[in-house]
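Since the structure comes first, as structure tokens, the remarks are kept for the end.
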Amino acid sequence: MALVTVSRSPPASGHSTPVGPTDRVIRRRGRLQRRQSFAVLRGAVLGLQDGGEGNDAAEADPEPMEKPSGEEQPAEDQTDNGQGSQSPWKQVQKRHLHLMVELLRPQDDIRLAAQLEAARPPRLRYLLVVSTGEGLSEEETILLGVDFPDSSSHSCTLGLVLPLWSDTQVYLDGDGGFSVTSGGQSRIFKPVSIQTMWATLQVLHQACEVALGSGLVPGGSALAWATHYQEKLNSDQGCLNEWMAMSDLESFRPPNAEPGQASEQEQMEQAILAELWQVLDASDLDSVTSKEIRQALELRLGCPLQQYRDFIDNQMLLLMAQQDRASRIFPHLYLGSEWNAANLEELQRNRVSHILNMAREIDNFFPERFTYHNVRVWDEESAQLLPHWKETHRFIEDARAQGTRVLVHCKMGVSRSAATVLAYAMKQYGWGLEQALIHVQELRPIVRPNPGFLRQLQTYQGILTASRQSHVWEQKVGVVSPEEPLAPEVSTPLPPLPPEPGGSGEGMVMGQKGSQETPKEELGLRPRINLRGVMRSISLLEPSSEPESTTEAGDLPEVFSSDEEPLHPFSQLSRAKGGQRVCKGPWPALKSRQSVVALHSAALVASRARAFQGQGQGQGQEQRETGTSSTPRLRKVIRQASVDDSREEGKA
């Protein structure tokens, strides 16, 4: 392990420094300058306590202050054996540390810098845990993602900014990876080693506990300084895509090839794809076989394509599916499927500039070419689309105002995206649900939202009707508009709709397919392991300071996420009427259960004490008659009757 100390100065003010600075100027600049020390491990850098403001050093040696402010001063390095020699990886990490510190504001500190696995070497990625001390009562923390083109690079870029709010959760994803969910955003990280992962999770756990205790919620003044870094995002699109990656996607964008680095296989696949269009257009698709298509490609390209048979078949299926073009619902709006979202030629031909992705399992295929807005939901009745329809309406209107067009898609263009287009038509044109459904199904017969989305559309219709008939909501100051999204946990599901009369058989079949796009959801997901529960489990392994105390069942940590039902006997007591939890956090629920258990125990002791007291009086009479003694029994009666005795004394 090596120790690195970085002297940090305030940013340059743009004014020249006097040739002969006075003592007052030196002292002032010395107060602004401070030092931060780091412990350099293999794959991670841990921030140590601040080394102080450096006033004495500034006054004793004014010459270092002649260097331009805003630059990092040379670091003081030490190795484990006290000598100056360092291994190559330590030198690389030292250089990277200096570059990453230069990205920060003077008042912000790096608590941890962890190296992450990169999808495309020789790129390097670092996760920074950054906190600030700018006069805040509570410490605030954000996560930054930093990209290096390679290990020898002398520059780095910023690719991720994730503030840690009170709802931050860390889940272990297996194989050394973990995901951080905060403020509705979820990001995946995978450190390069077990030691790096352990150091990272410890720092993250501490930061999450501080955020939870501080009550940091979006929308207020908390973490306002994070916007400084959000405006500085400057990594290339490939790096941004890697930071935005999700673990449960089913459809992925094709890998981005580095300029001038396409492999021979990629070049051949591009040539096959270019010729495949022409071969399919010139063939009778009702009679031609896959083998004949491959032979025609071999004649055109002049080389055998045996090893590309699976690629050719896959591309043929893709091109066949893309022949089902997106449906033009309005002059500025197309409704389509995953295939339409992946067809770059069709998107450009339709003058699409905005893409509204309503699917949880489908990636953004061309994030560098189009403006995307994502609503990550599954096609299931319990999914909530209503809270997102105000944002989706605004997104579609932005495209129309620019004179371009928007594609709204999900997996098949049947349920999720169709419901969103229906909601847009109802609000934009003042239509009822029935009129909007007739219009959309005429242009795309396979449209059939699942029953849960239809119920939400009915609710949305009532909201729009109330908004049009009364302007009281808009005139009152501070009253939320009736079109504001409803929170999913308080929305009351309407009774199921009766089956619609009529309808084409094709629409019914495709509607069933649309509602079964994700059958794996019905089987239930494996419970995710929460970092907070793991840390509490680890804390229970430490020896207790009170040997006589025992751990009750209610004090055991909840290792798995709150999506699963806890397996303890008093779980039903932590829910309010209607089956909803009173509090999402584990500690209030534990305290509530312990209080209820204590009340039940006191009532049980009191009832048994009265019973024993009655029995003791009866037995005492018998003993006086028979002349026998039962000392142990009398002691037990007196001990258990003490509860009632204390109550009688209180009444007296």
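Using N, Cα and C of the backbone, Cβ positions are placed for all residues, glycine too.
Copied over from Swiss-Prot:
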type     : residues : note
REGION   : 1-31     : region 'Disordered'
COMPBIAS : 1-16     : compositional bias 'Polar residues'
MOD_RES  : ALA2     : N-acetylalanine
MOD_RES  : SER9     : phosphoserine
MOD_RES  : SER37    : phosphoserine
REGION   : 43-91    : region 'Disordered'
COMPBIAS : 80-90    : compositional bias 'Polar residues'
MOD_RES  : SER85    : phosphoserine
MOD_RES  : SER87    : phosphoserine
DOMAIN   : 266-321  : domain 'DEK-C'
DOMAIN   : 325-466  : domain 'Tyrosine-protein phosphatase'
ACT_SITE : CYS410   : active site, phosphocysteine intermediate
REGION   : 484-526  : region 'Disordered'
REGION   : 540-580  : region 'Disordered'
COMPBIAS : 540-552  : compositional bias 'Low complexity'
REGION   : 610-652  : region 'Disordered'
COMPBIAS : 642-652  : compositional bias 'Basic and acidic residues'
Quiz prompt | For the domain 'Tyrosine-protein phosphatase' (325-466), residues assigned helix / strand / coil by DSSP | solution = 68 helix, 24 strand, 50 coil
Exercise. Count up the helix, strand and coil residues in the domain 'DEK-C' (266-321) according to DSSP, in that order.
Key: 44 helix, 0 strand, 12 coil
Practice problem: Pick out which of the modified residues SER37, SER87 has the most other Cβ atoms within 10 Å of its own Cβ. | Solution: SER37
Quiz prompt | Other CB atoms, at most 10 A from the CB of the residue listed as 'active site, phosphocysteine intermediate' | solution = 30
Self-check item: Integer Å distance between the CA atoms belonging to the residue listed as 'active site, phosphocysteine intermediate' and SER87 (phosphoserine)
Solution: 51
Quiz item: What three-state class does DSSP give SER37 (phosphoserine)?
Solution: strand
Practice problem: Would you kindly give the Cα-Cα distance separating SER37 (phosphoserine) and the residue listed as 'active site, phosphocysteine intermediate', rounded to the nearest Å? | Solution: 50
Practice problem: Averaged across the domain 'Tyrosine-protein phosphatase' (325-466), what pLDDT does the model get? Just tell me the whole number, please. | Solution: 93
